[in-house]
Amino acid sequence: MLYHLFVNNQVKLQNDFKPESVAAIRSSAFNSKGGTTVFNFLSAGENILLHISIRPGENVIVFNSRLKNGAWGPEERIPYAEKFRPPNPSITVIDHGDRFQIRFDYGTSIYYNKRIKENAAAIAYNAENSLFSSPVTVDVHGLLPPLPPA
């Protein structure tokens, strides 16, 4: 299913993002002077299952999760430098059941162990001065996308 996700908004997914699902987030532009840009994968109960915070000013990408009214867990960080290539950066997230696999522009994968074992029902996109276009497209499907009709 294809969604158009505008900055400072979220989309409710038609079907849960669950194990064996893939979400491909694609931007039509890259703002090299952009600031902190965040994508959150949210459960139906609004728990943040996967928090991806891209912070170019700190040269870091942070991964985390938290219960709706809980505290953030320990941050997991990787360097930001050279993760995105203009003009059309992308982020791909694969749910493997016990962990998420995250790829930036089809580069090396990062693995984030799930701390909250729920399915995502929505994806949120937040920024004041986004690195990416508004909207971004979000394509959510199974590991093998359905074949077109014959």
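Quick reminder: no glycine exception, Cβ is built from N, Cα and C everywhere.
Quick caveat, the model's predicted, so the values are computed rather than measured.
Of the listed candidates (Asn64, Asn88), Swiss-Prot assigns Asn64 to the same carbohydrate site as His51, Arg55, Glu75, Arg77. Using DSSP to sort the residues of the domain 'Galectin' (9-141) gives these counts of helix, strand and coil: 3 helix, 73 strand, 57 coil.
Of the chain residues outside the carbohydrate site list His51, Arg55, Asn64, Glu75, Arg77, Ile52, Ser53, Val60, Ile61, Val62, Phe63, Glu76 have their Cβ within 8 Å of the site's Cβ mean position. Mean per-residue pLDDT, taken over the domain 'Galectin' (9-141), amounts to 96. Here the binding residues for carbohydrate are His51, Arg55, Asn64, Glu75, Arg77. Their largest Cα to Cα distance works out to 14 Å.
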